[in-house]
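For 90, 100, 128, 217, the entry in TrEMBL reads substrate binding site. Positions annotated as Mg(2+) binding site by TrEMBL: 217, 241, 245. Feature annotation from TrEMBL assigns NAD(+) binding site to 277, 278, 279, 280, 281, 282, 283, 284, 285, 286, 287, 288, 289. TrEMBL lists 2-344 with the feature domain 'Isopropylmalate dehydrogenase-like'. The feature site 'Important for catalysis' is assigned by TrEMBL to 135, 185.
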Ligand code: GGG
């Protein structure tokens, strides 16, 4: 099985290196090919998603992605900005379903921003739509006829886009606690009213799942007030991006949340990445927490390679390392990225 490694920018190469070490330790029949993406690719080739990187991503059985984002590219226009590589990969590969599990690992209650008894209840999956919404709508910046600078991003969803992500969320809920909360802003947005209508239609096929709807502002509040009420959250691209960062702090650190980007319920050609970005302020210093990327590698094994036992082995090793006290800086500890990888590897063996 071929795994494409796209480490990207900032801390991406450091955390992907640790996840690779963990995958290699499993004694599975895996091969790895690496390619440039993001700012690193822009500086080397003039484009953040060079054709050879896209070709590798399409050819591989699964992709392990690090992070993109490079302040030296901040003045560039689309499509040259590093982040555009990530959006283009998702679109090109049709990866519309983003699964973002947020779980409090044992012993991390002290790292959570929530009171320990509330933090302990965190065990949810955010199902984020990934190839629509304002991220992909018509966008522009221009000077209006009366001389003002104006920018816009068009938010739109078509019913088939909502239906297919809703099906993924209901399937996920069916396999978990059968509780699904769909998050929108239907009191203000037309897209959200369509979203709500379509989610209600899909719900008819899943009578065993309890569906509720929540406005995104209330969901943000409920995530810190009473996160235990959530099992599966279904939401759009923008709201999902924001809510999952928020959920990560409730679970101890953004360095703990993995993700899977899939074409559908099956994991064919899936892409796996930590939800965090490139963190240029700590890049190259060995300060990053590799757990989110290591846990993304576990999701890769589960969803794309049908290796459930190996996935659980990695998750158990991360958990055991944390229980034994292994902590990077973001979790209040002193371990370097490599030392945290070592701790997970030690727990694996
Ligand atoms: N590993 C995630 C990452 O690199 N994030 C940077 C970014 O551009 N994120 C936008 C998004 O996830 O939609």
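Sequential numbering from 1, following the chain as shown.
Cβ from N, Cα, C; glycine included.
Known features from TrEMBL, placed on the structure.
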residue : record                         : CB count, 10 Å
90      : substrate binding site         : 19
100     : substrate binding site         : 24
135     : site 'Important for catalysis' : 19
185     : site 'Important for catalysis' : 21
241     : Mg(2+) binding site            : 18
245     : Mg(2+) binding site            : 15
279     : NAD(+) binding site            : 22
281     : NAD(+) binding site            : 10
283     : NAD(+) binding site            : 19
289     : NAD(+) binding site            : 27
Annotated binding-site residues 277, 279, 283, 285, filtered by Cβ under 6 Å to ligand 1: 277
Residue among binding-site residues 241, 279, 283, 285, 287 with Cα closest to the Cα of residue 90 (substrate binding site): 241
Listed binding-site residues (128, 287), ranked by Cβ neighbours within 10 Å, top entry: 128
Pairwise Cα distance maximum in Å, substrate-binding residues per record: 90, 100, 128, 217: 27
Nearest-integer angstrom distance between the alpha carbons (Cα) of residue 128 (substrate binding site) and residue 241 (Mg(2+) binding site): 7
Winner by Cβ contact number (other Cβ atoms within 10 Å) across the binding-site residues 217, 277, 285: 277
DSSP three-state assignment for residue 283 (NAD(+) binding site): coil
Cα-to-Cα gap, residue 279 (NAD(+) binding site) vs residue 185 (site 'Important for catalysis'), nearest whole Å: 30
Three-state secondary structure, which DSSP defines for residue 100 (substrate binding site): strand
For residue 217 (substrate binding site), the one of 135, 185, 245, 277, 281 that lies nearest, given that the recorded positions are compared by Cα: 185
Extra residues within 8 Å (Cβ to Cβ centroid of 217, 241, 245), Mg(2+): 216, 220, 238, 239, 240, 242, 243, 244, 246
Candidate binding-site residues 100, 283, 289, pick with smallest Cα gap to residue 241 (Mg(2+) binding site): 100
Candidate nearest residue 100 (substrate binding site) in space, where candidates are the recorded positions 135, 185, 245, 285, 287 and distance is Cα-Cα: 245
